[in-house]
Each structure stands twice: as C-alpha cells, then as structure tokens.
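Student: Straight from TrEMBL, here's the annotation block:
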type     : residues  : note
TRANSMEM : B:6-26    : transmembrane segment
TRANSMEM : B:47-70   : transmembrane segment
TRANSMEM : B:76-97   : transmembrane segment
TRANSMEM : B:157-176 : transmembrane segment
TRANSMEM : B:188-208 : transmembrane segment
TRANSMEM : B:247-269 : transmembrane segment
TRANSMEM : B:281-306 : transmembrane segment
TRANSMEM : B:341-370 : transmembrane segment
TRANSMEM : B:391-410 : transmembrane segment
TRANSMEM : B:416-439 : transmembrane segment
TRANSMEM : B:451-470 : transmembrane segment
TRANSMEM : B:482-506 : transmembrane segment
Amino acid sequence: MTTRQHDSSVYERIEGEEGFQELRRRFRSWAFPMTAAFLAWYLLYVVLSGWARDFMSVKLVGHVNVALLLGLLQFVSTFWIAWAYSRYAERRLDPLADEIRHEAEKETA
Amino acid sequence: MSQQTLSTVLFLIFVAATLGITLWASRNTKDATDFYAGGRSFSGVQNGLAIGGDYMSAASFLGIAGIIALSGYDGFLYSIGFLVAWLVALLLVAELMRNSGKFTMADVLAFRMSPRPVRTAAGVSTITVSIFYLLAQMVGAGALVGLLLGVTSPTGKALTIVGVGLLMIVYVVVGGMKGTTWVQIVKAVLLMGGAALITLLVLGKYGFNLSSLLGEAAAKSGKGEQFLIPGLKYGTAAQGIAGKIDLISLGLALVLGTAGLPHILIRFYTVPTAKEARKSVLWGIGIIGVFYLLTLVLGFGAAALVGGQTIAAQDKAGNTAAPQLAKAIGDAIFGSVGGTILLAIIAAVAFATILAVVAGLTLASSSSFAHDLYAHVFKRGDVTEREEVTVARISAFVIGAVAIGLGILAQGQNVAFLVALAFAIAASANLPAILYSLFWRRFNTAGAVSAIYGGLLSALILVIFSPVVSGSATSLFPDAHFAWFPLSNPGIVSIPLGFLAGFLGARLSKEYNPAKYAEIEVRSLTGIGAEKAVQH
C-alpha cells in the first residue's frame, strides 16, 4: 500500500467538522439539483419526441425544424453543464477539499 | 489495388502499430496497479481520448449513422441519450469513485459492506454486462467483414471473429490497462479523423448549408418530411402506445446506463487524481459530443448521396451506410480511385473501433473476475499481487475464448439488442448500488446485494419475455411465442425496480456502519487516502 491508513475515528471527526460540512453542502447543492434538471430536460425532449410530433415538425429555417433544434440544444446544454461544473468545482470545491486534505495529511505525517 | 486489399493493409498497419505499443506498455506493466489501472499515470487528456475510444463502439459509429440513414431523426435521438448520460458520470460518479476505489466497481460498493456477498454480486453483474456487450461487438465484427472485405462464407466470418478475439486477448493479456488504453487513444484519433474528413466532404458538397442537406436526405429517403422528425423507428404509429413507452424506456436506459458500465468506470482509475478524472470526463464529453454531431451529417449524408434503398439492399440495419457514403462522396469528388481509398480508410477505422472496444470489455471483466471473485471471494484476500495479476491474465484468455465461441455460434443472429440490454442492466443493477453507496448513510450489505440482483434479474427476465426474444419476425426466436412483456427495452420497469430493491433491502436489514460511511464520504469528496499514481 502506498497510502497511509487512517483509523476510522479520524474520518468521523473530519466529517463532523464545519469545513467538511460546508464542502458537502456546496457539492450536493450544485450536483443534485443540476442532475434533476438535466434529467428532466432530457425526459421532456424524449416525451416530446413520442407525443408531440406536430410540434416537432414545425419548420424554423429551411428544412431545420423544432426537432432538430431541440436535439442540438441537448448538445448545447450538455456542453454548458459540463463546463459550468468544472468552473464551479475549481472555484468552490477544490480549494476547500485541498485544505481539508492537507490538514489531515499534516496531522498524520 | 482493390479496396479490400487496401482496407486490409491499412488495418494491418493499425494492428502492427498497436501491438508495438502493447509490447512497449508491457515492459512497464509490473504490478497490479499497472495491469488494472495503467499505473494511474495517464493524463486527463489521454484518458479523455481513451474514454472516447472505449465508448464509441461500432454500434454507435456504424449503427447510429445507419439508423439515421434509414430512419432519419430517430438515430439522432439515440445518440443524444448516449451523450447526456455522461453528465451523470461527471457530476455524481467519476471523481468520487476515483477517490474511494482502487481497481474495480466493486471496490466502491464493498467499501463499507460485508465484502464477499457484495463483491460476488458486483462481479456477476460486471461480467454479465461486459459479456453481453462483447458478444454484440463480436457478432458485429463477423457481419462487418462480410460486407466490407467481401468475406461471405461462414468459415471466413468465423475466422474473422477468431482473429479479432485473439488480437483483443493479446492486447489485454500482454499490455493490461496500459496497452488497452493506448489502443483506445489511437482508435479515437483515427475515428474522429475519419468521421471529420467525410463530414467535411459531405458538408462541402452542400455548400455548408445544413438545410439543403436535410432537404435532399428527406427527398431521397422516400419518406419526405417524416424523415426529419421522430417516429420512423421508435414509437411508430403502428406500434401505438407501447412503442412510445418503449422509446422512453430506451431513453432512460441510455441516459442512466453509462455511469454503471464497468468498462467505463475502471477508466476513472487510470489517472493520478480526482481532478484529472474530472478533466478526462470533460474531454470525453467534448469528443463524444462532437462525434455524434459528425454522425448526424454522416447519416443524413448517406441518405442523400447513397439513398435508403441502396443502403438497405447491402445491410437491412444500415450498418454499412457510413462506408457506402465514404465511397459515394469519394467517387463524386475525387473519382473512383478516391472513392476506393476513402472506403478503405473507413472500413479499416471500423475494425480499429471494434478492437478497441472489445479490449476494454475483456479487461473490465477479467479484472473483476481476478480482483473481486478470485482474490476477495474465493481466496478471502489471502493472495499475492503477482498471483492476482496472473489470474487476471488467464481469465482474459478464457473470457476471450468464450466470446469467440459465442460469437461464432451467434453468427447471423440479430443480437443488436444486447447493447441496449447491457445499458439497461448497468442502469438497473449497478447505478443504484453505486449511488446509494456514495450518498446514503443508511445503505448496507443487504441493500447492495438486493439492488444488484434485483436490477439484473428484472432486466434479464423482462427481456427474455419481450418481443426481442420471441413472437415477432425480427425476434431472436421468431417462431416461439412467450413475449408477455410488451416493451423491447426493460429500463422503465427494471431501473425503478433496482432502486426499490436497494432501498427495501437496506431498510429491512438492521446492519449498517456509520463509521465506514463517514470514511467513504470524507475520502470521496476530499481525496484523503486516495490511491496514488505509480512512480517507475
């Protein structure tokens, strides 16, 4: 093993500390609602594909219709969420996680 | 030189190059971390490319282009599920797994549970999902060689499957995760390059006007404007309400399955830190997303330039639409020599695609057999690293041999449904167990075991009694009639059942370990105690 083993009481203590509570809150308050949102948006798209074909066939520009636009918007939203998450993680999650980890590694060094 | 000869030569160059890389990788494959996780020394960009190479199977390259070419918009609908799914992996799974696991999916599931029952369940599920997926690719390879290289005799096809199988065994047994990863990186670059080239030529022919490409595709398809909206393949008017529910069921399995596919999950262990795991998924999303945008043009381009009738005449499922398009666009722009060269390139890329994916699947299943079942279940952890890796190599050989045998037996059968089934099982069995393990304090051994077996069995049983196995002209057994479940894809029932089974299993058992939950929670979010990269 290359890693140092902590006994589990260390983890329980860190879990109870304010820094970790804040990290968990920041992670969950971003990741969980966003997951619900993109799943709902994707399911809406699939449901429209099954039940709203007249709407999907409305032409916008030339042969480009609502169906194609909504499909391309799924790509746009996926790329956007991925980018937004990486920015959020770098600014709000990584510094806090690094701080907690360095603290813990200092104690056991 | 004929196209068949040129394709074969190009493919042999790919094989020679990747075998060279594999041999080189084997010199740096010393311990278990090297074999299972490539020493955790790949960069985020490299792993992002490998994720693309591992994920973009022949089913998604040839299959989706083919569905678009024959059924229009519905193929695009399919690819969107494959892409959006990566957000589940990015937001909820990749980094946390990298921080808390070691080599396999079961490492995370067994972390705070009684290890033997959980590892057994996770191993069974990993091997089942991987073998189904593998079998679909092997049968596809046999069909493809017939169409692209003119090999039509059953013996010739069987020999192709044996050849593909032996190569995949060599990559995995000799090169381990390092060799497999490099094969996937090279393949991803070739596939993106080939698809981008054909896309540019097609778009150029239509003056980079998407609307005129769509218009011509719709006109040539013989289906008119119906070709540009959903409903020619999934949820058709003839299928009625069941067809539309089937569409949702498929969509759920695609979007929730990816983050539970074992051969995808083990890719997160090949990078040094959780941040690199995040970066690799970001790159993977970029590559996969662009690739599916390219297949949109390839599919509609094939409909416009080759025509549905010509495509269906060569292969009913449209699997040769992309190669046929390469020939047609090459002929139109560079004359028949250019067409032959482009076809040869795309055919060679298609084989490279199959090889990279089957190698990833073989590695995932043999890792799980050696690390989960052999080392932790049979030997109860009393095994040396060297012995474990030897068992992994032997099991890669055995799994490869089984895949070759089943692949030959299933020749000519319609096994395309196995890919969708693999996604459905991953979403129904693996994903609930992973998410509960990472996020639910009260989760326990009984919960993990019930989620996995509950999801796995419900998906399998529903498919056995579905129209894909019996009762219709396109079924595996068209003359048998035991299809009481109306949907082709079990996801809409089996995914909730998997989550429910996990919930009830956990609630009905009093056992749970809050101290270990604190540990996995702190480790997964902060990276304390995470496995380090190997320094050679």
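Start at 1 and count along the chain as shown; that gives each residue its number.
The backbone N, Cα and C atoms fix where each Cβ goes, glycine too.
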Student: Six or more residues beyond either end and a Cβ under 8 Å away: which residues meet both conditions relative to the transmembrane segment (B:281-306)?
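Tutor: Counting only partners 6 or more residues beyond its ends, the transmembrane segment (B:281-306) has Cβ contacts under 8 Å with 44-45, 47-49, 51-52, 55-56, 60-61, 64-70, 72, 75-76, 79-80, 82-83, 86-87, 89-90, 94, 188, 191-192, 195-196, 198-199, 202-203, 205-206, 213-214, 216-218, 220-221, 227, 268, 318, 321-322, 324-325, 328-329, 332.
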Student: So what's near the transmembrane segment (B:247-269) in sequence-distant terms, Cβ-Cβ under 8 Å and 6+ beyond its ends?
Tutor: 36-37, 40, 47, 50-51, 54-55, 77-78, 81-82, 84-86, 88-89, 92-95, 97-98, 101-105, 125-126, 129-130, 133, 177, 230, 234-235, 277, 280-281, 360-361, 363-365, 367-368, 420, 422-427, 429-431, 434, 487-493, 495, 531
Student: Of the listed stretches B:6-26, B:47-70, B:341-370, which one has the most C-beta pairs under 8 A with the transmembrane segment (B:391-410)?
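Tutor: That would be B:341-370.
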Student: For the transmembrane segment (B:416-439), what are the same-chain contacts with Cβ under 8 Å, counting residues 6+ beyond its ends?
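Tutor: 57, 59, 63, 88, 92-93, 96-97, 100, 105, 108-109, 111-113, 121-122, 125-126, 128-130, 132-133, 135-136, 140, 250, 252-254, 256-262, 317, 447-448, 451-456, 458-460, 463, 468, 476, 488-491, 494-495, 497-499, 501-503, 506, 520-521, 524.
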Student: For the transmembrane segment (B:157-176), give me same-chain residues lying six or more residues beyond its boundaries with a C-beta closer than 8 angstroms to one of its C-beta atoms, as numbers and ranges.
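Tutor: Same-chain residues near the transmembrane segment (B:157-176) but 6 or more away: 15, 18-19, 21-23, 25-26, 29, 34-36, 38, 138-139, 141-143, 145-146, 151, 182-183, 351, 354-355, 358-359, 362-363, 366, 389, 393, 396-397, 400-401, 403-404, 407-408, 411.
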